[in-house]
Amino acid sequence: MSGAALGLEIVFVFFLALFLLHRYGDFKKQHRLVIVATLLAWYLCFLIVFILPLDVSTTIYNRCKLAVNSSPAESNGSYVTLAPSKLKCFKPWSYIPDGIMPIFWRVVYWTSQFLTWILLPFMQSYARSGGFSITGKIKTALIENAIYYGTYLLIFGAFLIYVAVNPNFNLQWNQLQTIGIAAANTWGLFLLVLLLGYGLVEIPRSHWNGAKRGYLLMKTYFKAAKLMTEKADAEENLEDIMEEVRKVSESIKYNHPLRKCVDTILKKCPTEYQERMGRNMDDYEDFDERQNSYPSEKSLAKLHKQVIYSVQRHRRTQVQWQILLEQAFYLEDVAKNESSATRQFVHTFHSQEPENKIIQYFYTPTVEWYWECLLRPWFYRVLAVVLATFSVIVVWSECTFFSTKPVLSLFAVFIQLAEKTYNYIYIEMACFLTIFFLSICVYSTVFRIRVFNYYYLASHHQTDAYSLLFSGMLFCRLTPPLCLNFLGLTHMDATISHKNTQPTAYTSIMGSMRVLSFIADGFYIYYPMLVVILCIATYFSLGTRCLNLLGFQQFMGDSEMTSDLIDEGKELIRREKRKRQRQEEGENRRREWKERYGNREDSTRSRAVHTDQKESSFSETNASRPLSKYTRSNNRTERDRIELLQDAEPLDFNADSVNDDPLESDSGR
């Protein structure tokens, strides 16, 4: 049973990461190496979160065994009994044998660090490169990452020289490894607190606002106005890039050495632009290097990069616009159905995608009305209260987890109470809920943030390769400090609890942070307290107000610009709604026409077929008559054809010019 729990979680986490990656990435169009690298990064990070509670329960059992073995004890099957106090150390159902977890954590941790610091940055530059060959893309990626890698090597080399020259330091390889891990975790913890402070407030607030129908509808109108601006900008940018591609395609002919590069660029263009450029291109003209100036391969690589970016952005805005329209129409339907007397949900437009029959059977219009109009708002309110309670507990524990006497961290209190009775199910559930909530707060912020158009995780398969790889880098850098922070909150880290007890397998591979005392006793303990300031700033929307002042329109209820964008978005949704209604009315009229006059058309078609059969039978009977009649008629037709040919005027090919239009010729016969 012990190995089954670990195996089930490994398989479950793999399919969870695969499902999320399928939602955001595009398996058909994106490169396989990008998909594999991102899937591996997400999988390892999610795996750490799910396996760590098993490590905690196994560590508590091992501590009990050590306490029992230190005094006379009796062994009885699946548990160990301490003779004096009759204390029983039951083996947990998810117990993992000794020696497995250290190897497992070592492989997972160092693989994730290799991905986030070496492989994924290189693949980012490789994916953004506009080169036309693998060698060219690798060269571009190495040049772009030279400064990135060189900076780290310079700092690390200076540190090694300082340690070698200073006689007071006598660092071994294990201590040097611990310093590297501490440096990576420090960088991750700095970013972790920023994302955690935002998620602890925004997640409960978003669910509370999800119960407000008017709020969601107004925010959807606001998004529609902003997205329409972005959509128009993307279309204009694509038109400009396609115009440059057309000029390059017309200037570089079929026998030019760079024509292969141009063909590669054309393959990345949308289909309608490819057909348009193909009609306007004349490949029968040879190129002349002395008369024309041709672009270089470097400029074509830059154009190739711009084409990839503009096409991806245009496709993403088109898909997001359709999704936003469906969301706006649905929210308007909910607002209309709230006052329905029949208590049956009526949709303005039918779903374009076929629905599952099982869902249709259970999720009837009556059930949908009760859920959308009555139950869903209350469910979101209750969920928001529960999440807000968890957020308050996390903030309190982050500010007090360094206190061991008395223990003020609530998560540590819960775990220690369960440890006294060795209730492993409760321990694992408490650990899982705690680290799962922390992960949701951090990872959801990673999915929500947007750095202009360079980093943006868009659902429905609209995320580009650069953003997928960047998200993998963030996950690999945030997960190790997140787990260490969780172990500190529960006092399972000996550095925090100051107890000489057996550490968890995850903590053992990190090494003792006492090598850098100013980090272990200072930064790791007091820096997480800043989460209070970040939560206050998020609650009062200070970041949103600052962005709004800088010119980046944000949704704010008390802003005049927000009201104007809401009105604009409402008009856009109304216009799209009228357009779709006209389309559906046209389709309904055509359907009614087919149903009404379909039988007449079928009877007319059958009469036409019957007439054709009669004509074919008549021709067969005539074919059986003597052939002399047809021979005479054929001869007559041939003589008429000869006479017409004799009447034709012969062309004079010796003339100076030939006029195509006979009406404009001055000379007669």
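Quick reminder: no glycine exception, Cβ is built from N, Cα and C everywhere.
Any TrEMBL annotation is an automated prediction that lacks curation.
Residue ranges 224-251, 252-279, 280-307, 336-363 are listed, and TrEMBL annotates 224-251 among them as coiled coil. Between the transmembrane segment (33-52) and the transmembrane segment (523-542) there are fewer than 3 Cβ pairs closer than 8 Å, counting only pairs 6 or more residues apart in sequence, which means the two stretches are not in contact. Through the fold, the transmembrane segment (378-396) approaches residues 196, 200-201, 203-205, 207-208, 210-211, 408-411, 437-438, 441, 489, 531-532, 535 of its own chain, all at least 6 residues removed from its boundaries and within a Cβ separation under 8 Å.
Sequence-distant neighbours of the transmembrane segment (425-446) (same chain, 6+ residues past either end, Cβ-Cβ under 8 Å): 49-50, 52-54, 56-57, 60, 92-94, 192, 195-196, 198-200, 202-203, 387, 390-391, 394, 411, 414-415, 418-419, 457, 471, 474-475, 478, 482-483, 485-486, 489-490.
Counting residues 6+ beyond its ends, the transmembrane segment (523-542) has Cβ neighbours under 8 Å at 186, 189-190, 193-194, 196-198, 200-202, 205, 391, 394-395, 398-399, 401-402, 484-485, 488, 495-496, 513, 556 in the same chain.
Sequence-remote contacts of a segment are chain residues at least 6 beyond its ends whose Cβ falls under 8 Å from one of its Cβ atoms, and for the transmembrane segment (103-126) they are 33-34, 37, 40-41, 44-45, 47-48, 51, 55, 137-138, 140-142, 144-145, 148, 152, 184, 466, 469-470, 472-473, 476-477, 479-480, 505-506, 509.
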